[in-house]
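**Q** So that we are looking at the same thing, I have put the structure below in structure tokens.
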Amino acid sequence: MTMPRHEPLSHHSAAAMPQQDEGKKPPVETAPEQRWKLQVFYLCFYGFMTQIRPGESFITPYLLGPDKNFTQVEVTNMITPVLTYSYMAVLVPIFLLTDYLRYKPVLVLQSLSHISIWLLLVLGTSVLAMQLMEFFYGVTMAARIAYSSYIFSLVAPSRYQRMASYSRSSVLLGVFTSSVLGQLCVTLGSVSFLTLNYVSLGFVTFGLLLTLFLERPKRSLFFNRTDAACSGAAPTELDKMAGGDKVDSGDSGKAMGGWRQAVLCRMLREVCAVAKQSRLQLWSFWWIFNSAGYYLVLYYVQILWNDIYPARDNRRVYNGGVDAASTLLGAIASFAAGYLKIRWALWSALVIGVVTAIQAGLLLLMNTTGNIWLCYAAYVLFRGSYQFLVPIAIFQIATSLSKELCALVFGVNTFFGTVLKTIITIIVADKRGLGLSVHPQFYVYFGYFSLLALVYLLLAVVVVIRHSRRAQPPELIPTEGQVQEKSPEAAAVQA
């Protein structure tokens with residue numbers, strides 16, 4: 001599922017000290033240098049371990065099986081929709097609290113929510129208990145922002161890209177390991193789904209212990225930046241937006257109060273200003289609309305698998321292997337996207353349209369086939385195609401924005417995507433709406449992606465036509481007779 005940095009006070013003090021001889025490095029920098037490396041290593045280890053939940057790939061067959069014995073209607077139309085609603089309800093508060101509380105308290109909340117999920121899965125017997133479980137799932141999803149931004153409080157800006165790749169790789173490796181472990185336990189070890197959930201409960205409890213040993217950063221992206229400026233650190237773009245490159249010590253308290261009151265409003269105005277860029281509009285549109293459809297497919301695909309192949313033998317349920325394969329393909333696709341070199345200003349809409357059309361075709365195949373292996377393969381390709389575009393979208397959105405504005409833009413896009421996902425869930429899946437079963441739902445998702453593909457492809461045609469018109473010379477090429485009428489002097493000047 002998609003990280004701040006803590007610089008010790010001694011590092012800020014060293015930045016404010018008079019410069020020493022160029023040939024000598026201050027010994028005080030040695031300890032902080034080693035310290036942040038250990039912190040990054042621990043954070044990556046934490047990210048890996050908190051993804052080890054081998055029972056996660058088998059939650060739906062567990063709910064539909066003899067352990068819980070819920071009906072497919074209850075799971076599809078009463079339990080699963082709560083995940084979307086809870087995610088939308090807590091997304092904005094957790095986004096703000098993550099920065100205001102400096103990450104660690106939200107990571108603790110995430111770990112406690114994970115424990116609540118598996119306790120309810122093991123002990124809960126009613127629909128209400130499972131709905132509460134989905135609520136805590138929404139909390140854990142919204143709290144992912146705390147881990148994904150924590151790394152930026154540990155390292156200097158020059159190391160952001162590399163450290164972000166380390167943390168993302170650790171998470172992907174954890175998801176892959178968890179899926180493989182779960183599949184091996186079910187297929188080779190004949191471990192029951194209930195036992196697998198107990199194992200998952202043990203891992204998430206260990207994750208809570210790891211969270212307690214994380215160091216709470218002194219600074220964060222929005223609400224706790226002025227302290228850095230007052231300590232002598234180099235001002236950030238956000239500090240400049242808040243009132244200048246320098247903050248006098250005598251005015252620091254006043255500046256801090258004014259900044260906390262005005263910075264988000266100023267940044268929202270900045271977002272409105274940069275939103276006029278066509279590139280930002282296109283990729284934000286993709287982020288909002290395609291991610292909404294993508295996650296709805298992820299929420300309900302296990303129910304589709306169970307409908308196509310209602311295996312009575314747990315050893316013949318291969319959800320973990322499919323999740324492992326899709327995670328691996330997604331990582332490969334994300335890596336390959338970094339080497340794709342084209343004129344994105346010209347071909348972005350076409351690439352998005354083609355990929356979205358392929359996704360629509362894969363959804364139709366998943367929904368119409370009676371072969372579970374073909375459905376598995378289509379799902380793996382569907383996830384891989386989405387993950388292929390994610391790093392491209394991040395790069396295209398982030399290139400023209402500061403770090404702070406980039407975080408806010410992605411937050412706004414995620415919020416609108418969640419609102420759209422909630423609206424679709426209320427209309428399509430919730431029993432208070434149409435309450436469709438899983439197959440009609442996937443026909444809706446197929447139509448949704450088909451419509452998006454049509455919009456992108458039409459936009460691509462418009463972009464190409466406009467580009468071809470601009471590429472034409474502003475003046476007509478002179479005829480042969482006109483060329484002959486020119487004097488030798490004029491021809492020499494033109495040459």
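Cβ atoms are placed via backbone N, Cα and C, with glycine included.
Predicted, not measured: the structure shown is a model, and the values here were computed from it.
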**Q** Among the residue ranges 35-54, 195-214, 255-274, I'd like the one that TrEMBL describes as transmembrane segment.
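**A** So the range that TrEMBL calls transmembrane segment is 195-214.
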**Q** Can you say which of 78-97, 169-189, 195-214, 344-365, 407-430 has the most Cβ pairs under 8 Å with the transmembrane segment (106-129)?
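**A** Most contacts with the transmembrane segment (106-129): 195-214.
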**Q** Between the transmembrane segment (195-214) and the stretches 169-189, 317-337, 371-395, 442-465, work out which stretch tops the count of Cβ pairs under 8 Å.
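**A** Maximum Cβ contact count belongs to 169-189.
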**Q** Thinking of Cβ pairs under 8 Å, which stretch from 344-365, 407-430, 442-465 has the most of them with the transmembrane segment (285-305)?
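**A** Looking only at 344-365, 407-430, 442-465, the most contacts with the transmembrane segment (285-305) come from 407-430.
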**Q** Using Cβ atoms only, state whether the transmembrane segment (407-430) and the transmembrane segment (78-97) have three or more pairs under 8 Å that are 6 or more apart in sequence.
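**A** Answer yes: the transmembrane segment (407-430) meets the transmembrane segment (78-97) with 3 or more Cβ pairs below 8 Å.
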**Q** How about the transmembrane segment (442-465) and the transmembrane segment (344-365): do they have 3 or more C-beta pairs under 8 A, pairs 6 or more apart in sequence?
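**A** In contact, yes.
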**Q** Okay, the transmembrane segment (78-97) and the transmembrane segment (317-337): do they have at least three CB pairs under 8 Å, pairs separated by 6 or more?
**A** no
